[in-house]
Amino acid sequence: MPTPIPVVFEAVAPLRNQVRAWREGGDTIVLVPTMGALHEGHRALVAYAKTLGRRVVASIFVNPTQFGPTEDFSRYPRDVDADLAALAEAGADAAYVPTAETMYPEGFASRIELDGPSEGLCGDFRPGHFSGVATVVTKLINQAQPDIALFGEKDFQQLQVIRRVTRDLDMPVSIAGLPTLREADGLALSSRNRYLSAVERAVAPRLHAALEGIAKNLAAGGEAGPLLAEGLETLEAAGFGPVQYLAVRDAETLSPVTRVERPARVLVAAYLGRTRLIDNVAVAPGS
Ligand code: AMP
């Protein structure tokens, strides 16, 4: 028998009523925001969310305000029926699928302005992106009122921006992160991987391999500058381009790092054909 589809909410009031009822029953509520086109990585997020709290609400909303004018908003993959089935299988209790009108009603005029971890990296190449993300995530948290909101480390800068925003704005929610789920060959799972041709798909895992190589040398005491220059050459030779950034940053503040003395991260964004891929790996000093 197929797993039942989780209850679907499209409006704020019924969602809040359900969350309130669960909370009154003593349950902890975990929100997992997504843009749909769900893959194993999202399923793992929902499964992990189930270990953090009794009730999991997964939201599906392709947020127009985090896409630039030349980005893939209109062609971003959408398949709500498949997504609901995936959420059911992963154990979500409810899906929140708000309409554009619920999220951005006529007259909507507010946006969160950011400094700190939103600066540099994707922030340099996607103006307004993190402001759009921070605003929509704040709205989703205010709407669902979860105890915990869970995000993937795949979007590491996003995770750190959200940690900062929720702390700075005194939002009564804990933010949790889950390490990136990967294909067996190392490619980070992403809704955008379906854009890759067969040839590009064969090249794509070299992004992660390059990050791992840099992280290993940094952990052994290497200096970021030459390692990144060599990594960039390797990526370009493999067929990536343009490489928007390849950088080593402090894992919390995302400020630049030359030698790794505290937990750090190697992060990359690079085009492979028409597809923009991002990835990152951890570097632990002295490991
Ligand atoms: P998206 O639908 O791409 O906005 O992603 C929704 C959530 O899933 C975000 O918190 C992402 O970081 C997370 N996510 C996406 N891909 C992965 C992955 N491969 N592993 C873990 N989390 C992921």
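Positions of Cβ are set from backbone N, Cα and C atoms, glycine also.
Note: TrEMBL annotation is automatic and uncurated.
Since the structure is predicted, the reported quantities are computational estimates derived from the model, not experimental observations.
The active site, proton donor annotation in TrEMBL covers H42. Proximity of H42 (active site, proton donor) to non-local residues of its own chain (separation of 6 or more, Cβ distance below 8 Å) is seen for V32, T34, A58, A86, A90, given in sequence order.
The ATP binding site feature in TrEMBL is assigned to 35-42, 152-155, L181, 189-192. According to DSSP, L38 (ATP binding site) sits in a coil region rather than a helix or strand. Using a 10 Å radius centred on the Cβ of L38 (ATP binding site) and all shown protein chains, the other Cβ atoms total 25.
Within 10 Å of the C-beta of Q158 ((R)-pantoate binding site) we count 22 further C-beta atoms, all protein chains included. The feature (R)-pantoate binding site is assigned by TrEMBL to Q66, Q158.
Residues annotated as beta-alanine binding site in TrEMBL: Q66. Within 10 Å of the C-beta of Q66 ((R)-pantoate binding site) we count 21 further C-beta atoms, all protein chains included. Annotation note: Q66 ((R)-pantoate binding site) sits in a helical segment as assigned by DSSP.
The Cβ neighbour count for G41 (ATP binding site), using a 10 Å radius over every protein chain in view, is 18. All protein chains shown were included, and the count of other CB atoms within 10 Å of the CB of M35 (ATP binding site) stands at 19.
Among the binding-site residues L38, G41, Q66, L181, the residues whose Cβ lies under 6 Å from any atom of ligand 1 are, in sequence order, G41, L181.
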